[in-house]
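Colleague: Take a look at this one; I'll ask things after.
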Amino acid sequence: YYHVVTLVRECVEEIPHDSSLMFEIIMFSFTAMATFLQFLHLYRSVWWLPQSYTRYSMNFYLIDPYLVGFIGTILGRRLLYSLVSEAVMVWTPPSIWAVLQQLVRLLLLSIVLASLIWCTYNIMQNHPIVNIFYLCYPISVYFILFGLSVSPFFDVMSLPSLTTEESKAAARIMGKPLHSCSMSPQTIREEVDYLKTDFNIRMKQVLFSSVLNAYYAGFVPCCFAQNFLYYDIYWATQHLTFVWLGCFTMYLVQCYPVKYCDTLHRAALHLGKWARVEGRTMHLPSHIWTDSTLWHQGALVKHCKELYKAEGISNAAEPGNPSHTRFYSFFNNPAIPLCMVVGLQLSLVALQVVILVRVSEWYQVVSLALLLFANYYTLFKLSRDYLVCWKVYKAEAMIQDKITGG
């Protein structure tokens, strides 16, 4: 039972991936466009009528410029940080990058807070005090999710806070994850724990960032609309939903590139999976599970008075550990979750196309056409990543089946 079949892995080719700066440019452009479109839904005019008192497509005088400044500060903070960080890395030696990044974050945090406070003060002059709650609500959620850490506020790929003992090992995994291909079961389980933590942190950032962007780009403008203003609530809500889904898939593509998914896949192959054997098992030959052994496929072990059978090619997982089972099931073939995300994005695009065909109002046509343009780009990247993963992991499975006699 000490013999382990050699794992065969197909190499995933390098797929172009947006840099941090390029992604922030794209995300800011998308959210700024979404904010403009929501204001268009609220304050559109009838400038084409002969008796119209305005020559513009929007009633700009009804829009609070300080509200626009507040929203722009929130949506543009990461782009500003990325621009300054790129300049720091170009013009300074690598040895002081870490210190300078901390200083840049503190400096930009001071500037952002000053701008937000100034905008909030001026907004309070023209709106009920209760409306300020809508502006500040996400801040309380941020503290609940990230505590007092400043990094997640500016950097979508920021690293989690780790203890001194963890930092060196985790640095190889977090941010730019690496896979050690170790034959030590203890090392494999530790690596999986780090990768699982990193995956969850990225997902938390994806969910928070996408909701935050949609909240300020689509919801806040509606909260500050004048009472006498008439607008299509259904259309504004639909726009908010589309913006959130668009941001969500864009963040997924950025935070979970193919190389990262391949790292999770390789770790899952080494981790393996155990299935509990039901029925009469007293007379089946088995071994006592030990955490220092790398078990081969089909091995029978007893652990916590239960009998388990190894289903992975290499098995370092603890039998009955639900966390290990979920990790293996989810990342054994990353093409499956990628296919689900592609399906979500394809459904979003198809729904927007159907709605676009059915609408007749000019502002609705403009709104959907611009959102579709951004979603097509995300759909292209997701489809490309899925096709590459599907071909690679299908070939890998076929080769492994031949080696194991499957």
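Using the three backbone atoms N, Cα and C, a Cβ is placed for every residue, glycine included.
Annotation comment: TrEMBL describes 25-46, 58-76, 96-120, 132-154, 233-253, 335-356, 362-380 as transmembrane segment.
Map these features onto the structure and tell me what's around them.
Modeller: Same-chain neighbours of the transmembrane segment (58-76): 28, 31-32, 35, 39-40, 43-45, 112, 115-116, 119-120, 122-123, 126-127, 135, 212-213, 216-217, 220-221, 224, 226, 229, counting only residues six or more beyond its ends whose CB sits under 8 Å from a CB of the stretch.
The list of residues near the transmembrane segment (132-154) in space but at least 6 beyond its ends in sequence, with Cβ under 8 angstroms from a Cβ of it, reads 70, 77-78, 81, 105-106, 108-109, 120, 123-124, 161, 204-205, 208, 211-212, 215-216, 219-220, 223-224.
Distant neighbours of the transmembrane segment (233-253): 23, 26-27, 30-31, 34, 37-38, 41-42, 156, 205-207, 209-211, 213-214, 217-219, 222, 341, 344-345, 348, 352, 355, 364, 367, 371, 374-375, 378, 381-382, 385; these residues of the same chain sit at least 6 beyond its ends, with a Cβ under 8 Å from one of its Cβ atoms.
Using a Cβ-Cβ cut-off under 8 Å and counting only residues 6 or more beyond its ends in the same chain, the transmembrane segment (335-356) has close neighbours at 238, 242, 245-246, 249, 252, 261, 365, 368-369, 371-372, 375-376, 378-379, 382-383, 385-386, 389-390, 393-394.
Only residues 6 or more beyond the boundaries of the transmembrane segment (362-380), in the same chain, are considered here, and those with a CB under 8 A from a CB of the stretch are 26, 30, 33-34, 37, 40-41, 44, 57, 235, 239, 242-243, 246, 249-250, 253, 342, 345-346, 348-349, 352-353, 355-356.
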Colleague: What residues elsewhere in the chain lie close to the transmembrane segment (25-46), defined as a C-beta under 8 angstroms and at least 6 residues from its ends?
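Modeller: Long-range Cβ neighbours of the transmembrane segment (25-46): 18, 52, 54, 56-60, 62-63, 68, 71-72, 75-76, 78-79, 213-214, 216-218, 221-222, 225, 229, 231-232, 235-236, 239-240, 243, 246-247, 250-251, 363, 366-367, 370-371, 374, 377.
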